[in-house]
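What TrEMBL says about this one:
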DOMAIN    A:54-253  domain 'ABC transmembrane type-1'
TRANSMEM  A:20-38  transmembrane segment
TRANSMEM  A:58-80  transmembrane segment
TRANSMEM  A:92-114  transmembrane segment
TRANSMEM  A:134-157  transmembrane segment
TRANSMEM  A:234-255  transmembrane segment
Amino acid sequence: MTARRGKKRREGNAWLSRVLAVGVFVFLLAPFAALFFATDWADFHFAQGDLGAIRTSLLYSGLAVLLAVLAGTPLAWWLARGHWRGKWVLDALLMLPLLTPPLALGILLSSFYGPYSPVGSVFSQAGIYLTNTAPAFILAQIYGAMPYYIIAARAAFEGVPRELEQISRTLGRNRLQTFWQVTLPLARIGLSAGVALAWVRAMGEFGIVLIVAYFPQGIPVKLWVNLQDIGLDAVYPLLWIFFLVAVPLPLWIGLRARRQTQALF
Amino acid sequence: MNQAPAALDLRCQLTQPVALDLRLQVRGFTVLLGVSGAGKTSLLQAIAGLLPARVSPFGDLPVEQRPIGYLPQGYALFPHLRAWENVAFPLPRSARRQTEALALLQRVGLKELAERFPAELSGGQKQRVALARALARKPQLLLLDEPTSALDMATRDEVLDELIREVHAFGIPLLAVSHDPHLAMLADHMAILREGRIVQEGPPVEVFARPHHQTTARLLGFRNFLSGHVDAQENAILRVAGAGWQLQAESRSSLPMGTPVQLTWRAEDLFLEEASGLPCPNRLVVRVRASRAEGLSTRIYLEGPAPLEMLLSRQQAEAAQINPGSLLKVCVQPRHVQIMIEEVSS
């Protein structure tokens, strides 16, 4: 009798959790479905400058992610493997750009790299202007993306068993060879996730870019401009393109990472 | 296949994470026994160059140049590489790299599993791949950390026999650290690590027969200890007395009267006087505290001059009808009683 009641309760709980799961799923994806229905498919066309915005976003986001990865990887490795007193201070400081609202960060960048700041004037003298230019755009994207990459990469490096790196050393490989042949391949899933995250952050960066590099317009700023100047209908085609170019990479990396994790361990 | 086992004299001084200062002969397959936390793993890591220490030989070389093969617990195979790629890891990049790796895998009997990833191998297979990988560097010394810990009981002996055979065939001195006395029994040479030093060293047959300290005896599986003093000596028989008991032990050396000593013997060497029909020069009257089945044997916990243990076969235990609280007369032969000089602190 009690056993039957217990079984019923378990079945009821399983049913409830399934309904909840479906509910959350629908809640998350419903706005995307709405985009499908809101789009005027019969009159699907881009506004003037949309293609340029796509090109700007793709090219500069790629560059920004590349620079973030090149500069962020050594720092992430150092944070993951280094042990020294006061390391927590550095950890906390690294969180600062992550926790700062993008608009505020944009203002900070503008004050620091702007034409009237000491740093900005040094760059200006070298012919690099860090306001409303391609370098400014890339700089804004790096600030938006790199902290996320560093945190993901650091976790990826921390996940590599130190023992495997030590064994590599006892097998005749020096530190650099060990990094390339053991650490990097074993951290690649986490690093890929970091790259994907950085890509999405760079592509979608709006707040910092709006302040520092309104021009050249990338997709997010162009979406805003279209919405202001033309209206909601002019936003949808560009939005579709944004999803098509920004989402597949992280989605592919995510799925691949899941498969490889299952195969490895 | 090889004449005398390959030998090497090791010296290691380490301060962190444990203090160690020891000299050790590695002859053929050598086992260093020590309790958990004695610093066994740290010693191997220091010899391999992974911990800062004063080590000889090879101590002046950076870790990647030491001709040492190190197999940690769990073997640390690279999970992203296939078995043959793991073995090929230390080999220089060349056209013959794969061929050499496969030849090594063949020597450890695993060529057919060359394409498998470590996650697809059993504990014993992983160990052999790790051994082949360590051998690929042509080391002058092999270090094994608890080689039996990742193996199940069913395959343990088989894997160990094979490992020892391979090590002898390759002719490289091997130092294994362990807390497992069964592993030490299979060794060419063994040593006991205690409080950062080697307290006993020699062929297993000697060390197992004559442990010098209680800690050594415990590590080797001795469970019965009685503290007393030398009462008399007649030829090779030493009489030792304690509070309410007197026992005889065979002794090769003479000890002055009154010397405080500790007697020890194995649980297997204690027997029931009535059931045996053997002469019983060493009789103890004890009370049964508890008993526990241990595979096909029964371990009986006794209260006597000190807590004692007796291991009987299942038939003996059933025939004797042993119940908690009952009194028993138990015996141990003088030749099975080991004498140790009483330790100041244990």
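Just so you know, the numbers here start at 1 and follow the chain as drawn.
The backbone N, Cα and C atoms fix where each Cβ goes, glycine too.
Automatic prediction, not curation, is the source of TrEMBL annotations.
A quick note: this is a predicted structure, and the numbers were derived from the prediction, not measured.
A Cβ distance under 8 Å defines the sequence-distant neighbours of the transmembrane segment (A:20-38), meaning residues of its chain 6+ beyond its ends; these are 232, 236, 239-240.
Long-range contacts of the transmembrane segment (A:92-114) within the same chain: residues 79, 120, 123, 130-131, 136, 139-140, 143-144, 146-148, 150-151, 205-212, each at least 6 residues beyond the stretch ends and with a Cβ under 8 Å from a Cβ of the stretch. Tertiary neighbourhood of the transmembrane segment (A:234-255): same-chain residues 35, 38-40, 44-47, 50, 53-54, 57-58, 192-193, 195-197, 199-200, 203-204, 219-220, 222-223, 226-227, selected by CB-CB distance under 8 Å and a gap of 6+ residues from either end. Nonlocal intrachain contacts for the transmembrane segment (A:134-157), taken as residues 6+ away from its ends with a CB within less than 8 angstroms of a stretch CB, comprise 56, 60-61, 63-65, 67-69, 71-73, 75-77, 79-81, 94-95, 97-98, 102, 105-106, 109, 113, 128, 183, 187-191, 193-195, 197-199, 201-202, 205, 207-209, 211-213, 216, 218.
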